[in-house]
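Below is one structure, written out as C-alpha cells, with a few remarks after it.
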Amino acid sequence: MKRCTKLKILNTFSVDVYAEKVIIINDEYSLLQLWKQSRDQDKFFLILGAGSNVLFLENYKGIVLLNRIKGIFVTENKVAWYLHVGAGEEWNTLVMYTIKRNMPGLENLVCIPGYVGAALIQNIGAYGVELSQMCEYVDVLDLNQGDKIRLYCHECCFRYRESIFKLNLYKYAILFVGLRINKHWKPVLSYSGLTHLNLNSITPRQIINTIIFLRYKKLPNPIIHGNVGSFFKNPVVDFKVVSFLLKKYSNIPYYFQEDGKVKLLAGWLIENCNLKGYILGEASVYYKQALVLINTRQKATGTEIAALALYVYNKVVDKFNIRLKPEVRLIGSFGEINPKKLFLK
C-alpha cells in the first residue's frame, strides 16, 4: 500500500485539494482489511478510480482509496466471449484489449477516461451504446456486512448514467465486472457522426478511428484544461415539454426513448443560452462543446467550477424551464454532497 495526500493529479478537473490519506488497493484482501480498520476506528473513506467524474469542492477529511484491482480473464463459447475484469483496469485499455483480440463490441465506448469499476457506477455510454448492455454481473464487497457477493445485471438498477452503485455509493465496493460480448457483431452507427459510415463494410477499427477523431475534435485534453467530459446529463422529459418548446424553438433537437419519453441535448440548451466560452474566474464553458466545463488554466478551485455550473444551470432554467442534473459527483469535506443542495432553483 502506497500513501500520499495530494489529490490534484488524481482528479481530471485538476482541482488542488488534499485528503487525510490516499491508499492504493491492489487486491480484495487489502480492501477488506482496510474496510474493517475504518469501521473499527469510525473512519470514512472514498473509493476513487481515475477521478474522471468527481468535483472536489474542498479538502477531503477522510481516506481516499484508489481501486487498482487488476486482471482480464476471458472464456468463450459458440455465441459469446465472457470477460471477468478487475475494477482497477483502465477502461480504454480494456476496449483496446478486446479489439486487438478480435472481440468487437466495445468500440463505441473507446477513449472514455476512467477505470472499469467507475464505468459501472456511472453506466457509461457513448455513440449509441451503454455499458449495461454488456454487463452480466458485478462482484462487490458489501460495505455493511463485509461479505463478497455477486449482483447480476437485473439487480444493478441500470438507467441512463445511473446504477445501484451510484445510488448507494457507500454500500458497495466493486471488485470485478463480468461482461458478455456477442460473437455476432452488429455495428452501432445510429449516432450523429457515425451515420455516414457504410454498415455493410465498416470494421471495428474504423469505428474506433472515427470516434477518436470526433472526441479529440470537440473535447479538451484534461492535461491542458481540467475537465470531466460532460458535466450535465442530457435531460429526459415528457413529450408535452418538447411540444411546448417546439413552438418557440423549432430547431431544438430531440430523441424519442423506448419508454416514450424524449431526450434533449443539454449541450444545445447551454449553447442556446449563449454560454459557449463563458468565463467565471478560472473556470469556463469550453468554446467547442458547451456541455463541458473546464479548469481553464488548471488554477480553478472546486467552488469556482461549482459556481460556474450553478450559473449555467440557472440560465437554462430561466430560458427553457429545464432543470439539468449533473453527471459529476460533488465531493465535500466528509463525502459526497447531494447535488440538490447546490442546484436549488
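Cβ coordinates are placed from backbone N, Cα and C, and glycine is handled just like the others.
What Swiss-Prot annotates here:
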type	residues	note
ACT_SITE	ARG161	active site
ACT_SITE	SER230	active site, proton donor
ACT_SITE	GLU327	active site
DOMAIN	15-218	domain 'FAD-binding PCMH-type'
Item to check | Cα-to-Cα gap, GLU327 (active site) vs SER230 (active site, proton donor), nearest whole Å | outcome: 7
Item to check | Chain-internal residues, separated by at least six, CB under 8 A from ARG161 (active site) | outcome: GLN122, ASN123, ILE124, GLY125, LYS233, GLU327
Checklist entry - According to DSSP, which kind of secondary structure is ARG161 (active site) found in, if we only use helix, strand and coil? => result coil
Next on the checklist: Helix, strand or coil for SER230 (active site, proton donor)? Use DSSP.
Outcome noted: strand
Checklist outcome for this item: In all the protein chains shown, the tally of other Cβ atoms within 10 Å of the Cβ of GLU327 (active site) is 21
Item to check | Neighbour tally for SER230 (active site, proton donor), based on other Cβ positions within 10 Å of its Cβ | outcome: 20
